[in-house]
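Structure record follows, encoded as structure tokens.
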Amino acid sequence: MTVSQIDEEVAKLLELKAQLGGDDGKQTFVLKTAKGTRDYNPKQMAIREKVFNTIVSCFKRHGAETIDTPVFELKETLTGKYGEDSKLIYDLKDQGGELLSLRYDLTVPFARYLAMNKITNIKRYHIAKVYRRDNPAMTRGRYREFYQCDFDIAGQYDPMIPDAECLKIVYEILSELDLGDFHIKVNDRRILDGMFAVCGVPDEKFRTICSTVDKLDKMLWEDVKNEMVKEKGLTEEAADQIGEYVSMQGGMDLAERLLHDPKLSQSKQACAGLTDMKQLFSYLQLFQITDKLSAEKVRTTETQVLVASAQKNLLEERLRLTAELWNAGIKAELLYKKNPKLLTQLQHCEETGIPLVAILGEQELKDGVVKVRNVATREEVRKASQKRGWGNVCSAVEKIL
């Protein structure tokens, strides 16, 4: 477009603005970008171009080729592919007998491209804009129009080798962009489904509960649990069990621990996923992209056992048991809250490396026992108290230590 053409278009817009209302406070026409979108000035575009060049160079270094697909697809191609997020797809008006929608991501168009062209093996990258009819939060980087940079290795291969290369690519790009420290989180759907099964999630709720768990990066656990229980009908007991698992962090060490978990090890599906996850981390070590996420935690205290409660109003019992442990020469502590949540107490053990947790609950007090759990293996023993004294519990803790 020439300078004269640009001047002509600007003049038209100003004329339209004058027709709709001047600057007398009654203006009804505003020049702005659509909700959830933005303009990028030359400086911002220069930064984007530099970032894209870094990303594309890495993709090419790993032998990838690129494709492009239309910005819109047949609506039926996209429908039903995104679960609850299908409501965020932009539908277009019928312009000629076809119902169309703007692409929501680059993955479904890629799958359609492979099926149409009968391609079984390809290593491809695709950088393009996608569109989501989401509630935008532009200060947090949530837009309705944004770029995705996809890299996929399609085909049948031996387990975890392509997966390890994909993670190597992510590592190389984030390192070269010099964004500071970063964590790469990995998961296997088989582990997640196995976890849901052993925690008591009904089969028909797997997908909807999964979509809620996916929000943990954006929401606090209490908000995630509230959605699972109050909005999606999951029992509170099942939600608490899920919370214990999803709070864990680690690499090969965590996969090994979960393989010996009393509950999760009962799921063949989860065990298969965990075995592959161990294999993945062995490849990542060869690619030299694992670090201290998998090293032994450096402890700053010598606490041997945390005294925890599973329900409210058990502070006095926690204090009494803690005192008994101290008197027995055992290094113990408790959280300084009257009614701390069990998950919070378990997370404290994970984060600080406390090896044992003594759990008091209403039922345990009625039965005259205390549960002593090994935080690493999650194995539990129930030890009887001595008429509200805790001598047997202290002996059990000493024996385990």
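Glycine residues also receive a Cβ, built from the backbone N, Cα and C atoms like all the rest.
Listed in TrEMBL:
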type	residues	note
DOMAIN	36-254	domain 'Aminoacyl-transfer RNA synthetases class-II family profile'
BINDING	Asp105, Leu106, Thr107, Arg132, Gln148, Asp152	L-histidine binding site
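Leu106 (L-histidine binding site) has a Cβ environment of 24 other Cβ atoms inside 10 Å. On the 0 to 100 pLDDT scale, the domain 'Aminoacyl-transfer RNA synthetases class-II family profile' (36-254) averages 91 in the predicted structure. Residue pairs drawn from Asp105, Leu106, Thr107, Arg132, Gln148, Asp152, the listed L-histidine binders, are separated by up to 22 Å at the Cα level.
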